[in-house]
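Listed features, source Swiss-Prot:
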type: MOD_RES; residues: 3; note: N-acetylproline
type: MOD_RES; residues: 14; note: N6,N6,N6-trimethyllysine
type: BINDING; residues: 123, 173, 177, 295, 327, 379; note: substrate binding site
type: ACT_SITE; residues: 175; note: active site, proton acceptor
type: MOD_RES; residues: 201; note: N6-carboxylysine
type: BINDING; residues: 201, 203, 204; note: Mg(2+) binding site
type: ACT_SITE; residues: 294; note: active site, proton acceptor
type: SITE; residues: 334; note: site 'Transition state stabilizer'
């Protein structure tokens, strides 16, 4: 090597790990109306100060990397960087903190939940300085909300399409979820809808298996709901699961559902992905289909208390991506869910404006401007004796979905549906008359059972 090109190790650029808090911890920062705000539950590694941990989250989820790079000088770091602007301890937890991070709106592609999540949670959860990290909440500014279509139709349009007002809607997941032939599956759909339910549903893992291909299921379910409609005079629906291995196949199934004239299709939005879900939501709006969303895989992401993403964030993401219904727990059934926390994200799904309320887990005031609302679906281990509590907790703008609570009736599927419809009508009437569902719920069901042998069974 010539003297002119020889390089010694002691000469030239020296890379080194920098302290993130020098650049990304800015406690004096005043948040802007256009910032996306995030609340992270941070558990730093021993010896890592909370300010450094919070700054690391802000850096790694925005413009930062582990060292200074030459190209930092080619952009306006101050304009584009995320900022950790506040840190507070978690009550009762010595080593956990809530780190509040503000992100400039220009960091995100318009109308893309995929890009938003890739930026905010895509890489930082594996960061060495953190023992655990959980995204507790996001504040989506109106300027970003307005770049999304959101739910294909929303609550009021759905009620108008179905001509159903003044009560929760009733549904049922067909069981067993796997193994039925398409014809027997359609028979169960007919019996439930004929008995008085508004909807029946494919389970989340019913796609197109050898025992029941999707096209056969769609045809027999459409036949069942048209027959039930003709006999009851009510508009009925079955959530036809369009989830598939490719977006092209998913779209093909949605097109076939539209050609059959059914009112609603379904998608597993977490396993299917946000890009696929948003594409399907756009198709549903353009073609008059309602879209039911199942949250399969959510507990992998949201169940741990100190690591992952809280469901309220996933619920907000769904409202942006698009869906007319989404499963939201039950409070009283077989699946985990606290009442105050559940009511918090139910309001975030339905309401136009939700104020900050830490007692319900809402870290930021959220203004959805004109984005349509989403109906929460209560599903999982519920039956007629839960009806008073469900009616009180979820109110009219909800779907109460009973699987085993319908199909497990000793007299069969149709009597199970009758029992659910009678129980719901009794609870709604009692509530409208001023009775206390929480205190008198069991008495209301017992009184109704005197006039309904199906409910008394």
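All positions are counted from 1 along the displayed chain.
Using the three backbone atoms N, Cα and C, a Cβ is placed for every residue, glycine included.
The recorded positions considered are 175, 201, 294, 327; of these, 175 has the fewest other C-beta atoms within 10 angstroms of its C-beta.
Classification of residue 204 (Mg(2+) binding site) by DSSP places it in coil, neither helical nor stranded. Checking the recorded positions (201, 203, 294) against residue 173 (substrate binding site) with a 10 Å Cα-Cα cut-off leaves 201, 203.
Mapped onto three states, the DSSP output places residue 294 (active site, proton acceptor) in strand. The separation of residue 294 (active site, proton acceptor) from residue 203 (Mg(2+) binding site), Cα to Cα, is 9 Å. Separation of the C-alpha atoms of residue 295 (substrate binding site) and residue 204 (Mg(2+) binding site): 8 Å, rounded to the nearest whole number.
Most other Cβ atoms within 10 A: among the binding-site residues 177, 295, that distinction falls to 295. Residue 123 (substrate binding site) sits 36 Å from residue 201 (N6-carboxylysine), taking the Cα positions as reference. Fewest Cβ neighbours within 10 Å among the binding-site residues 123, 173, 379: that distinction goes to 123. If you take the Cα of residue 175 (active site, proton acceptor) and the Cα of residue 204 (Mg(2+) binding site), they are about 12 angstrom apart, rounded to a whole number. In the shown protein chains, 20 other C-beta atoms lie within 10 A of the C-beta of residue 204 (Mg(2+) binding site). The secondary structure of residue 173 (substrate binding site), as reduced to three states from DSSP, is extended strand. Here the CA atom of residue 201 (N6-carboxylysine) lies 10 Å from the CA atom of residue 177 (substrate binding site). Listed in sequence order, the recorded positions from 294, 327, 379 having a Cα within 10 Å of the Cα of residue 204 (Mg(2+) binding site) are 294. Among the residues 123, 173, 177, 295, 327, 379 said to bind substrate, no two Cα atoms are farther apart than 36 Å. Summary of the Mg(2+) site environment: with the site residues 201, 203, 204 set aside, the chain residues having Cβ atoms within 8 Å of the Cβ mean position are 173, 174, 177, 202, 205, 206, 239, 241, 266, 294.
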